[in-house]
């Protein structure tokens, strides 16, 4: 089945993007990624630990780069300036890598995005040649502006980062999906498989998640569940679901030839 | 010489280049990126980028994140 997700001109088989944070260890990270079937994995950029590096395992050694496309993020950045600086470092770290996830946060308590700083950073990064997948609120006006700036994917939240609260405003997501000509991916808030399926049934092009897998009792099994959910939701969207009716006078079985002669 | 690395003041014997610093920090062969006084120093330039007393550096790695 050729139903690939195309981001910035590159085609991916999986519509599930997975983060690499909060797992027990790098082995579990690698197993969960494998079970998820994902092609794109997010990584964060942080200061190296000085003085205690010798022999310390490195995440990148557990992520075969011929298998996964790395998506460096700007998690933890609260200004356009910090986000831009982080992604310039990421580009150097990953050998002129261009595909990035921009997220600029506005509140350290609820991690809600700061859309003003996000817009500012997006302008600079797009001008510098980055392919910017942008995390944002589910505001369709901001989403449109980010697309006009040249972001290659719009990634509205379903609910707050790490909350597992699921899709709180499917109607806003629907507005963003309908107006966008670049891929729209739900990023943040998915808690379990049905949330991912609902996102895909709404018409999202993909789903990005981390905590829903990493914080599950069995992360590897949940990664598998998410793979199935994203595939099922996508297939259901493509299949075009039946219309909803409050009730139907048309049963699935024939009305003729019933042995009873009684009618209600 | 004194260098501020990742926000911390550190004392070193004289280091001429970024490459020498990377060696002194036992980061040779590790996947790191270096910023010197706000400018990225590409890996290919580590041996040429000179260091001076009081320089500020950021050295980063990829870690798990979502």
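Including glycine, each Cβ sits where the backbone N, Cα and C put it.
Curation plays no part in TrEMBL annotations; they are all automatic predictions.
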Co-listed 1-deoxy-D-xylulose 5-phosphate-binding residue [TrEMBL; alongside A:188, A:189, A:210, A:211] among A:150, A:162, A:257: A:162
Residue among the binding-site residues A:210, A:211 whose Cβ has the most other Cβ atoms within 10 Å: A:210
Distance [Cα-Cα, Å, rounded] between residue A:211 (1-deoxy-D-xylulose 5-phosphate binding site) and residue A:101 (active site, schiff-base intermediate with DXP): 17
Densest Cβ neighbourhood among A:162, A:189 (binding-site residues), 10 Å radius: A:189
Between residue A:101 (active site, schiff-base intermediate with DXP) and residue A:162 (1-deoxy-D-xylulose 5-phosphate binding site): CA-CA distance (Å): 17
